[in-house]
C-alpha cells in the first residue's frame, strides 16, 4: 500500500474524521488494508469494517482468522451484517458462519435467519462437508449447461448467469440428472459457430474430484494440471460445486504451515503463533519433546557403559559433538528428501528397496568425504592414536544415519503415521544414540588392539 494512504488512514482513525476515513476507504484495496490490519487497534478495526464499502468489507472479513470473523459477526450492527453477508461468496459465507457456530451456536442461528431461504439452504448444504475436504472448499456458484444447447443459447444464458457465478471461464456440461459430462472454456464458445451444439465442442475427459477428496489432493491436482477451477461431484457423479484457485492457494499455505510444524514435532497444524498464548505453545511442543528426551536418555546409559574407555582416553570426548551432529544432520537431510518425494508421489512404499540400495552408496560416499576432513582435524589437534577411531566411526555413523533417515519415512507411512510429524526429530535422536554407541564401540575395539 502507498505510504501516503496508510498514513492518511491512521490519521483519520486517530482524529475520528469520518469523512476523511470514508475517502481513504473508498481508495484502499482490501489486500492493502489486510497488510495493515495487525497495526490497527481493536476499536479502529471495528470502525473500518463498519465504514468500508460493503464489497470491500466482505473481502476483508473473508481473509480474517475464524476467531476474528466470529468476533466481528457478533458485534457489528444488524444492518451492516446483512450487507456483508449478502456480499460474501457462498463458500466464504459458509466458512464465516461455521466460525460463529463454534463460538456461539445460538447467535449462529440468528445470523442464518438474516439470510434469504435459498442462500440459507445452500449454506447448510455446504456446512455438511468437512473443512479439509473438497466439499468444504467448493462453492456452488458455477455455470452448467446441457449438451444439447447451441453456442448461441449458452452465450445468452451466460449473460444472465455471470453476475452470480464465481467464474465463467469454464462452463460445465451436465445431463438431465445433473451428472458431469464435459467441460468447455469461454474461449471455445467465442470462436465456435453460434449454431454449433455444445456436445460437438465440449471436452468429455473432465478431471474432477469428489466431495470427500482431501484438500491436499485437490491442491495437487490443480497444480499438476495448471487448473484455475476444478469441478466437484457427489457419489453419483452429479456436479455440486467448483473449487477455485484462490481457495487452493489458502490450502497450500495451510498445508505448508502444517508440514513445517510437523518437521519440528509441533503437532497443532492450525497454530497461529501471534494468537497463541504460552500454554497453547507449551501444549503444542511438549508431547514430542518428552518422548524424544526419554529416547535421548539412552545416551547417558551408553556413556556409563563405556566409562572405562572414556577415562583411559579423555580426548575421545572432544569429538563426540561433531560426530553426533554430523550424523544427525546427515539423517535429517536424507529424511527430508524422502518425505518430500513421498509427498509429491515421486516415490511410493514399493520403492523402499531401490531407495535403500541407492542411499547405501550415498551414505558411504558422504561418510568417506566427511571422515577425510575430520581426520585432518584430529591430526592437527595432535591425537594420532584417535585417527583410526574417529575416521572409521564417522564413516559408520554417517552411513547408518543416512539409511535411518531414508527408511524411517517409509516405515512410518506403512504404519499409518505422517512421516513429517516425527521423522526429523526422531532421526536426530536415533542418530545420537546409535552414533554414540558406534563411536565408543569402535574406540574400545581399536584401542584395546593397540
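Cβ coordinates come from backbone N, Cα and C, glycine included.
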Expected hit for transmembrane segment in Swiss-Prot across 260-282, 421-443 is 421-443
Look up the topological domain names in Swiss-Prot for residue 34 and residue 420, then state whether they lie on the same side of the membrane. yes
In Swiss-Prot, 185, 187, 188, 207 are given as binding ATP, so which of 170, 172 is in that site too? 170
As Swiss-Prot has it, transmembrane segment corresponds, among 215-237, 284-306, to residues 284-306
Around the Cβ of residue 187 (ATP binding site), the count of other Cβ atoms that are within 10 Å: 10
Give the residue from the binding-site residues 207, 223, 428 that has the most other Cβ atoms within 10 Å of its Cβ, counting over every protein chain displayed. 428
Could you give the Cα-Cα distance between residue 428 (Mg(2+) 7 binding site) and residue 418 (Mg(2+) 6 binding site), in whole Å? 17
Rounded distance in angstrom between the Cα atoms of residue 383 (Mn(2+) 2 binding site) and residue 250 (Mg(2+) 5 binding site): 56
Among all the protein chains here, how many other CB atoms are within 10 A of the CB of residue 247 (Mg(2+) 2 binding site)? 25
